[in-house]
Ligand SMILES: CC(C)(COP(=O)(O)OP(=O)(O)OC[C@H]1O[C@@H](n2cnc3c(N)ncnc32)[C@H](O)[C@@H]1O)[C@@H](O)C(=O)NCCC(=O)NCCS
Ligand SMILES: Nc1ncnc2c1ncn2[C@@H]1O[C@H](COP(=O)(O)OP(=O)(O)OP(=O)(O)O)[C@@H](O)[C@H]1O
C-alpha cells in the first residue's frame, strides 16, 4: 500500500486535487469528513465539546452548530488547542481504522489539513502539498465558499506557515493558476510517480539511480532531510544517528543524482534489526554489495541507504568526507573528476584514502 499524505493551507485546493486522485483510483481518507463523523449527535466527541465550549455550540436540533464552534475555537491558540485535544485523538483512531481496511495494492491518500502541524509527515511514503498564495486562498474561500473573511484569517493563523509546509513537501502542486492546470498536473503525477511507486513497493522493485554526474541541486539537502526523517520513522531508537553523506552532501558539488544516507547503529546485532525493519518497510536489499546497502522504490528519488555499526571505520569516514572534501578546492575538483569517470568501487577507494590522509594530518 502506498501511503500519501496530502496537505495544504485552508482553501489551497486539497479537495480539488483529491477529486482527481479519487477518479484515478486512489482510496481517499478525508480528515475533514472524519472530523464530522466523530462529533455526530449522541457521540462522546460531541459531549466533550459541549463540556468544553458550552451548550451554545449546539443547534436547536441538538447537532453541532459548526459556525458557532468555529467562532469560539479559533479566537486564540489556547481555545484551538482545546478543540484539537478533544477531536484529534478521536480522528486519529478512526483514521487508523480506515487505513487498515484499504486493499494491499491501493494508493491511499490521506487528505489532512494539519499534517505538518501534527509532525506526521515522515509516516507517509510521499507528502504532497497543494500551494497557493494566502490572498488567493482567502479570495476563493470568501467568494466561492462564502466563508466569512475573519474566520478564514483566524484559521490561517492557527495553521503552519507556507514555508513550513513547503519544506515538508516531496511534491509541491502549485494551484495559483486555473483549475484545469491543477487537474492536469495531478493526473500526470499519478502516471509518472504514484502508480510506479506503488508498483515498485508492492513488488519489491528497487529504483537504482543513474550514476551520470548532474549539476549540483540545492534541493538535495531538503530531500535528504525528509528521507532521513522517514528512515527514523522506520528504525526508531535502533539508530544512533542518520546522516546525509556522500557526494550530494557536499555543497556545490556536481554529482550523480542519488542521495546517500547512512544509518548508524550500536553494533552488529542492531545492524540486523535495522535491516529487518527497513526491508519490512519496503527498502530493498542490494545483495551485490559487500556492505548492508538498500535502495528505495520512489521512481523520482533514488536513495542508497547503508547501515553501519558505530565501531565500523566506514561510518566515521562517511561523516568526515563532506567536511574534508568540501573544505579543499583541489580535492573537490579531483572528486568531481573521479565521479565522472570512475566506477563506484574506485570512487569509494579514493574517498577513503583522502579521508584517511586528512585524518593523519590532524
Ligand atoms: C471547528 C469546526 C467545527 C468548523 O467546521 P467547518 O464546517 O466550518 O469547517 P471544516 O471542518 O469543513 O474545516 C474546514 C477547514 O478549516 C481548517 N481547520 C479546521 N479545524 C482546524 C483546526 N483545528 N486548526 C486549524 N485549522 C482548522 C482546515 O483547513 C479545514 O480544512 C471543524 O473545523 C472542527 O471540528 N475542527 C476540529 C477538527 C480538526 O482539526 N479538523 C481538521 C483536520 S483533522
Ligand atoms: N485553481 C482554482 N481556481 C479557482 N478556484 C479554485 C481553484 N482551486 C480550487 N478552487 C476553489 O477554491 C475553494 C477552495 O478549494 P478546495 O475546497 O479544493 O480547498 P481545500 O484545500 O480542500 O479547502 P479546505 O482547507 O477548506 O479543506 C473551492 O471553492 C474551490 O472550488
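Every residue gets a Cβ built from N, Cα and C, even glycine.
According to TrEMBL, the features are:
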type	residues	note
BINDING	11, 12, 13, 14, 15, 16	ATP binding site
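Taking the mean position of the Cβ atoms of 11, 12, 13, 14, 15, 16 as the ATP site, the remaining same-chain residues with a Cβ inside 8 Å of that point are 8, 17, 130, 132, 175. Under a cutoff of 8 A between CB atoms, and with a sequence separation of 6+ in the same chain, the neighbours of residue 14 (ATP binding site) are 6, 7, 8, 111, 113, 130. Sequence-distant neighbours of residue 16 (ATP binding site) (same chain, 6+ residues apart, CB-CB distance under 8 A): 130, 175, 179, 182, 183.
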